[in-house]
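Chemist: Let me give you the structure first, and then I'll get to my questions.
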């Protein structure tokens, strides 16, 4: 079949960057966007200008009630209820559910009522099967109508954990992600439901936070189920995060052995997903990087041959958005 036709629900950070990734890569066609809070002219502006990734290198305009990107007209909907979006009329076969609101099978399933064939949730899901490109995407089969692309942090951790586990065996591990701020945080102190710390000013604080990313690795690599957990520190940077995986190895390994297998994976089966660098990089050097995870060979340390701390960077917005596109292209190849 030709390129799969895609609708985007929620034109926020991920919705816009999945759209950019789709146009950059040419792997899927964006044919429709739904967002009840952003009108057409505002969409043009928000897509064109981006404080983090810079101006869109292409053309974008409003014409005849449609958003036209690089000459491609995109149908715009403004429905609040996902079951009322006429995806079928717009020709959208797959829908990226990127509002962050409809993350369960039941809620995301509403898109199927409007004619979509499949839904890809751009967030972890309580009950939808999760796929991480390069790790368990081969397990996808086309009986599945609703899937999750997991979280950006799981996409960073899982490829690294897979390589380490396949080569040396992970007995147990703890992950910390030093994570850039996201839209759910507050610019200054404000109220925040159950987790009071999450409501503190994002620009002023290092904020300890929870993340299900490490436990989720056990869902995509079943042999690691119950062997990994972790937490996050939200820090005052706009984008790019870093995973610190501290783990006990079954087989003895010198740090150079670890570097070698990660480098091999980055040039072989995980090319484009897992990167490898020996450069003295800092977070901003990874801005707009398309990898899920970039192993920092110079930053990790070994206490001994069985206990290591491994460091891997990720552009939590753009790397992830590119994997959403890759997952859809993979799913389309199975139709």
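From the backbone N, Cα and C atoms, a Cβ is placed for every residue, glycine too.
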Chemist: Per Swiss-Prot, what member of 118, 234, 248 joins 151, 152, 153, 182, 211, 212 in binding D-glyceraldehyde 3-phosphate at one site?
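Modeler: Given 151, 152, 153, 182, 211, 212 bind D-glyceraldehyde 3-phosphate in Swiss-Prot, the matching entry from 118, 234, 248 is 234.
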Chemist: Given the ranges 239-244, 245-250, 251-256, 257-262, which one is assigned the annotation motif '[IL]-x-C-x-x-[DE] motif' in Swiss-Prot?
Modeler: 245-250
Chemist: Need a hand: Swiss-Prot gives 13, 14, 80, 122, 316 for NAD(+), which of 35, 39, 296 is also on that list?
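Modeler: Only hit among 35, 39, 296 in Swiss-Prot's NAD(+) site, alongside 13, 14, 80, 122, 316: 35.
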Chemist: Select the closest residue to residue 182 (D-glyceraldehyde 3-phosphate binding site) from the following recorded positions, measuring between CA atoms: 14, 64, 80, 122, 219.
Modeler: 14
Chemist: Given the binding-site residues 13, 80, 234, which one's Cβ is surrounded by the fewest other Cβ atoms within 10 Å?
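Modeler: Counting other Cβ atoms within 10 Å of each of the binding-site residues 13, 80, 234 gives the minimum at 80.
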Chemist: To the nearest whole angstrom, what is the C-alpha distance linking residue 212 (D-glyceraldehyde 3-phosphate binding site) and residue 225 (deamidated asparagine)?
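Modeler: Pair distance, Cα basis, whole Å: 13 Å.
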Chemist: If one looks at the chain holding residue 151 (D-glyceraldehyde 3-phosphate binding site), which residues at least 6 apart in sequence have a CB under 8 angstroms from its CB?
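Modeler: When sequence neighbours closer than 6 are ignored, residue 151 (D-glyceraldehyde 3-phosphate binding site) has 123, 124, 211, 212, 213, 216, 320 within Cβ distance under 8 Å.
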Chemist: Which of the recorded positions 13, 80, 254 has its Cα closest in space to the Cα of residue 234 (D-glyceraldehyde 3-phosphate binding site)?
Modeler: 13
Chemist: So, in DSSP terms, is residue 215 (N6-malonyllysine) helix, strand, or coil?
Modeler: helix
